[in-house]
Amino acid sequence: MCRERGPKTDDFECICKAGYSGRRCEIEEDFCSKINPCQNGAECVGHGNSYRCNCPKGFSGPNCESFVTFDENASFHGDGWVALSRDLLPHTADNSSEVIKLSFSTTERDGLLLFQGQPKGVNARGQDYISLAVVNGLLEFSYEMGSGPAQIISKQRVDDGGLHTVELRRTGRQGVLKLDDREVHGESPGMLIRLNTKSDIYIGGAPEPREMTANRNHEGFKGCIFNVQIQDSGIINLYKDSNEAVNTDQCEQHFGSGDYLTNFEAMSNK
């Protein structure tokens, strides 16, 4: 309810009902504004009377109340990522060979496994990037150097819950996607051969996947990622060697001792 306090049109005061604030009561408060339930420095994202917490590295749970750690393998739930230093993949020489290796398991048809492009907030359309994603159940290795994207797509599906091993190789415009010992070759159009990427290397998703991938990938990865290697890094400890991690847990799947989906759902419901 607002009432005048003087002769001027903007000379008034409002008494806002519960759930609203602002000079004219125009701001509807969400759950995070009223009661921030997220712990340990987590970001609270409100949606009316619901919320979710973006847990920083080392914490998990609905309110980020539980301490967690992970190592060479990590579990992702579609809203998280691990950020590695861009120095692992510097793209400094035009004809240098780049190699990325990892293993993963998922039952989802879509999800971003790896991405390096432009920093968050930069218009990504037409900008350089390199990515690996599950798209409609197939694996897609894609990169752009300014003349159009290369899109190298696997022949076999990967959304079966099994363990899949991937090796990506790129030299200039030429790229190879090796999935479980089957290779698919491709190349990007045009004459440009050097990637100009400025972001961290994101594993398992990205802070804003739609924005950062220019709507190519909408979903973060759901599943487990194992044994990431970039160039001559050796197997990377995703906890100790990361710049940042959000909504990331240890993957408790032990292959050969049960179904992936059952294990992942049990882990997700903790």
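First residue shown is number 1, and so on along the chain.
Each residue, glycine too, has its Cβ placed from N, Cα and C.
In the predicted model, the domain 'EGF-like' (1-26) shows an average pLDDT of 65. The domain 'EGF-like' feature in TrEMBL is assigned to 1-26 (among others).
The disulfide bond feature in TrEMBL is assigned to Cys16-Cys25 (among others). In the structure as shown, the Cβ atom of Cys25 (disulfide bond) sits within 10 Å of 15 other Cβ atoms.
What TrEMBL lists as domain 'EGF-like' is 28-65 (among others).
Annotation source TrEMBL lists disulfide bond at Cys55-Cys64 (among others). According to DSSP, Cys55 (disulfide bond) is assigned to coil rather than to any helix or strand. Taking Cβ-Cβ distances under 8 Å and a sequence separation of 6 or more, the neighbours of Cys55 (disulfide bond) in its chain are Cys38, Asn40, Ala42, Gly61, Cys64, Val246, Asn247.
Taken from TrEMBL, the feature domain 'Laminin G' applies to 73-251.
Sequence annotations record features per position, and here TrEMBL assigns disulfide bond to Cys224-Cys251 (among others). DSSP assigns Cys224 (disulfide bond) to a strand. Take the CB of Cys224 (disulfide bond) and look out to 10 A: across all protein chains shown you find 25 other CB atoms.
DSSP states for the domain 'EGF-like' (28-65), grouped as helix (H, G, I), strand (E, B) and coil, give 4 helix, 14 strand, 20 coil.
When the disulfide-bonded residues Cys16, Cys64, Cys251 are compared by the number of other CB atoms within 10 angstroms of each CB, Cys16 has the fewest.
For the pair Cys224 (disulfide bond) and Cys25 (disulfide bond), the Cα-Cα distance reads 45 Å.
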